[in-house]
Amino acid sequence: MVSRTKNRRNKARKVVSRSTALVPMAPASQRTGPAPRKPRKRNQALVRNPRLTDAGLAFLKCAFAAPDFSVDPGKGIPDNFHGRTLAIKDCNTTSVVFTPNTDTYIVVAPVPGFAYFRAEVAVGAQPTTFVGVPYPTYATNFGAGSQNGLPAVNNYSKFRYASMACGLYPTSNMMQFSGSVQVWRVDLNLSEAVNPAVTAITPAPGVFANFVDKRINGLRGIRPLAPRDNYSGNFIDGAYTFAFDKSTDFEWCDFVRSLEFSESNVLGAATAMKLLAPGGGTDTTLTGLGNVNTLVYKISTPTGAVNTAILRTWNCIELQPYTDSALFQFSGVSPPFDPLALECYHNLKMRFPVAVSSRENSKFWEGVLRVLNQISGTLSVIPGPVGTISAGVHQLTGMYM
């Protein structure tokens, strides 16, 4: 018994040394087993499932569905620009009576402070002069009597459009209306032209002196015959459309001060087409031309028809105020860069038709959500309850299909 106990104690005291054989590893190119797992990065899920920022979503709302979010002022354009900006959103609502036996042209051009330009001509005639209708906030944002007072060029250095939209909502009696509405887009641009003019001051009376003038190009696209890409429908159906950025990436534009924008090239005996400030510029002047398309509405009213409608226009503009401007105190830091919002914008702008009827306007944001779903694969990119509900299950899109 004693010997057994001693043997057990001796065994317990023995130090057991074990050696582990090293197994040679094959080169990476010759391995056949599963690849070793890499450590998961903390932000890997965010990279795989990017989400729109709040500023990016506000930008898309203002760009494509301004009527659905009229009280949302927007937060600017979430691109690579960094600085102080002032974002404003204008809305104009007016009742329009269309003259029988005429073609009425409503031109919504990216001129800061102006809701639209209007011209009335005989049926089939070529319009030449379009008189502007300013927004009610023109005096607040750009100064009243800007021809002789403080113009916009003294308050802001540059501007750019985030969005511009227009809707025609007929209010005619169903038994009295007649006619049609056509909608299309044109590209207008300002160019510099060096023109000779006779001056009575310098260098001497009667001597020609060159000066640089701003002229407009593209007005010939506003004509009686609509281009191939257009929306055509009955007047009673109305129409809604929006403009989109036609520059590289929301380029900043300079402010100017002009009483009119006239064509630079007039062919043959044609009359020069022009955009005019109302009242000869005593209260307002044309402030510039922005970076988005121009919207053209042509309403044809036959003899005996009684056509009336509500015309609404919206725009979202981003401004760079001068530090000595009274509006500088209302400016804020530009929104952070959101590449997903910009990618969605450039994909969305080419997927929608030129225009839709006014009754389809009420569900336009739902159409934007459907296209977002096609682009991103899931609506979970949208922050807030919408993204939470739709993550992984696509239920929201199914509700709107």
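Including glycine, each Cβ sits where the backbone N, Cα and C put it.
Secondary structure at Asp68 (active site), taken from DSSP and collapsed to helix, strand or coil, is helix. Under the heading active site, Swiss-Prot lists Asp68.
The feature Ca(2+) 2 binding site is assigned by Swiss-Prot to Asp249, Glu251, with similarity to another entry given as support. Secondary structure from DSSP puts Asp249 (Ca(2+) 2 binding site) in coil. Within 10 Å of the Cβ of Asp249 (Ca(2+) 2 binding site) there are 12 other Cβ atoms, across all protein chains.
The Ca(2+) 3 binding site annotation in Swiss-Prot covers Ala272.
Look at Swiss-Prot and you will find Ala272 tagged as Ca(2+) 1 binding site. In the three-state DSSP scheme, Ala272 (Ca(2+) 3 binding site) falls into the coil class. Within 10 Å of the C-beta atom of Ala272 (Ca(2+) 3 binding site) sit 15 other C-beta atoms, taking all shown protein chains into account.
Positions annotated as compositional bias 'Basic residues' by Swiss-Prot: 1-16.
Cβ-based neighbour count (10 Å, all protein chains) for Cys62 (disulfide bond) stands at 24. For Cys62-Cys316, the entry in Swiss-Prot reads disulfide bond, with the evidence type similarity to another entry.
Taken from Swiss-Prot, the feature region 'Disordered' applies to 1-43.
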(request) According to DSSP, folded down to helix, strand and coil, what is Cys62 (disulfide bond)? (result) helix
(request) Among the recorded positions listed here (Asp68, Glu251, Cys316), identify the one with the smallest other-Cβ count within 10 Å. (result) Glu251
(request) Sequence order is fine: just name those binding-site residues in Asp249, Glu251, Ala272 with a Cα within 10 angstroms of Cys62 (disulfide bond). (result) none
(request) Measuring CA to CA, name the entry from the recorded positions Asp68, Ala272, Cys316 that ends up nearest Asp249 (Ca(2+) 2 binding site). (result) Cys316
